[in-house]
Amino acid sequence: MHGQIQSPQYPRPYPPHLQKQWDLWVPRGYQIQLSLTHLDIKVSADCSQDSLTVRALIRSEFKKYFKQDTKLFILQFSILEKFNTCSKTDPGLDSGPLCSQICINTAGSYHCSCHSGYKLHLDQRTCLLSCGGCVFDKHEGHLSSPGYPKPSPPFLSCKYIISVEPRFIVTLNFRDNFHIDNKDNQHGSSRLAMKFCGTKSPGLIVTNSSTVRLDYHTEEEGLSNGWSLQYSTHGEEESVTKGRITPDLNEYFSGDSIHVTCDQEYKLMMTFSAMCQSDGQWQLPLPTCIAGTDVLSK
């Protein structure tokens, strides 16, 4: 038997003028174990303002009081038999602990939990550093493996996504100090993915895509020093069918202006000019040059 209690509206701050109480009790011969996994309470000299009070009573009764002004918390609880299951070691794990971080007893068994910033591995006992998962939508930036340039923690499973407007292409530039431990130390690739390991940096990679996903994994040993890269973007070549853009530049910056003119016998519905905005888009979509007779017919 186990469960979880948290402050009202967690992870948002508590409502004002609140005093909350939870009562837990179990049959005689059992105990209650608490594991406070997250706590953010305003500090005062004697806890007279913000406080979380845990009060153990006789007859295996338990009460926890939540006083007004507590910001947030998560408290996990479990029921213990007279023998503490978490005190055991698993012979199959070289007499190591049952859980790498938090062990929570249940009736006749146990389950593992992790500190904030970690997630439970598929083995249900090892806590992995939670990394990546964010989408980077700026037109340039820096990414690196956790702990770089120091060795990466073991059992990492990180995901990084760079995603910009469809008309832009992402370029990755890996630093020379590159080290991902692997037995064969070989690079591999397919039509849609490239896989790198060893000590040779991939260097500059033009992805030809506006969205790039990087997956980084480490095994138990944690021997990789990791990687670091700078990414940048550039726009695809702008063009107007049966027309031209002036000035014709390889790259435009925020504040630059362009004008569009059409080839002979083709015209615009109206004079066109646009300015490059800070998000890399033109102020107006590029127009279409149409045959002069079509303009007159309208």
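FYI, residue positions are counted from 1 along the chain as it appears here.
Including glycine, each Cβ sits where the backbone N, Cα and C put it.
Residue counts for the domain 'CUB' (1-55) under DSSP, split into helix (H, G, I), strand (E, B) and coil, are 0 helix, 25 strand, 30 coil. Look at TrEMBL and you will find 1-55 (among others) tagged as domain 'CUB'.
Taken from TrEMBL, the feature domain 'CUB' covers 131-234 (among others).
Here the Cβ of Cys131 (disulfide bond) has 20 other Cβ atoms within 10 Å, regardless of which shown protein chain they belong to. The feature disulfide bond is assigned by TrEMBL to Cys131-Cys158 (among others).
The annotation domain 'Sushi' is assigned in TrEMBL to 242-291. Note: the domain 'Sushi' (242-291) comprises 0 helix, 20 strand, 30 coil (DSSP; helix = H, G, I, strand = E, B).
The disulfide bond feature in TrEMBL is assigned to Cys262-Cys289 (among others). In this view, Cys289 (disulfide bond) is surrounded by 21 other Cβ atoms within 10 Å of its Cβ, with every protein chain counted.
Here the CA atom of Cys158 (disulfide bond) lies 48 Å from the CA atom of Cys289 (disulfide bond). Every protein chain considered, the tally of other Cβ atoms within 10 Å of the Cβ of Cys262 (disulfide bond) stands at 21.
A contact links the domain 'CUB' (131-234) to the domain 'Sushi' (242-291), because at least 3 Cβ pairs that are 6 or more residues apart lie under 8 A.
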